[in-house]
């Protein structure tokens, strides 16, 4: 069954041209169906270099392109985001935090719509702080919750507060969990992900420039989060889930934990260990894509 992108904006139909400013792309200058019409999987992550590494990895896994080949940045006309493509896979960076990923998603969803893409799966791959998990564990998000543990994304639109659901595709989460079991290389759990507006105070850290609470209060808060089902903390999943829901896109969030926040605040693992941790979400999602395409 064809599942097409749904745009919640009737004004777009009246526009002669749609300029995706932060991608340096536009319907008047680019043939979106020719460039992107075959896309079925979109993977997004914070860092441009990580998303370039992901496209090289998936190209090798799918047997597309030449080994060690270079993949040009489709958004080279801007320094805001980076975008790479190989076969049916699109890899896009989104920066840090809700505002940055929100801007990217508005333009990405329109890009997929203009390209007439269907049956799209979008997966955010990234890093996070774990709660009650060994560093290096991978969390597949069941629900994104806010800093009060509610499964919702709150935004002010025209001066009024709008609340949107942050549920993610349950079946997709189960499929990803099954893939991790088949890989059998690292601990993976399904749990809630807390999405905050900040890396320091918003996540209860004691090591920021400003901190007006004590360690006991911090630990009490993190244990409350754990008891509510939260297993990791990051800064993009809520708006990601909300926007994918509104657009009718199947979506998942897969993040590795770089530390256990119940044991500290600073990321102190060696560079090599962190690099290996960061490869775990891409291994899991790469395996999922291969399996979906019948290449496992």
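Backbone N, Cα and C atoms are what each Cβ position is placed from, and that goes for glycine too.
Going by TrEMBL, these are the annotated features:
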type: BINDING; residues: 80, 124, 125, 126, 127; note: phosphate binding site
type: BINDING; residues: 203, 205; note: substrate binding site
type: DOMAIN; residues: 40-289; note: domain 'Nucleoside phosphorylase'
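If you take the Cα of residue 127 (phosphate binding site) and the Cα of residue 205 (substrate binding site), they are about 16 angstrom apart, rounded to a whole number. For the domain 'Nucleoside phosphorylase' (40-289), the model's average pLDDT works out to 96. Recorded residues residue 125 (phosphate binding site) and residue 205 (substrate binding site) have their alpha carbons 23 Å apart, per Cα-Cα distance.
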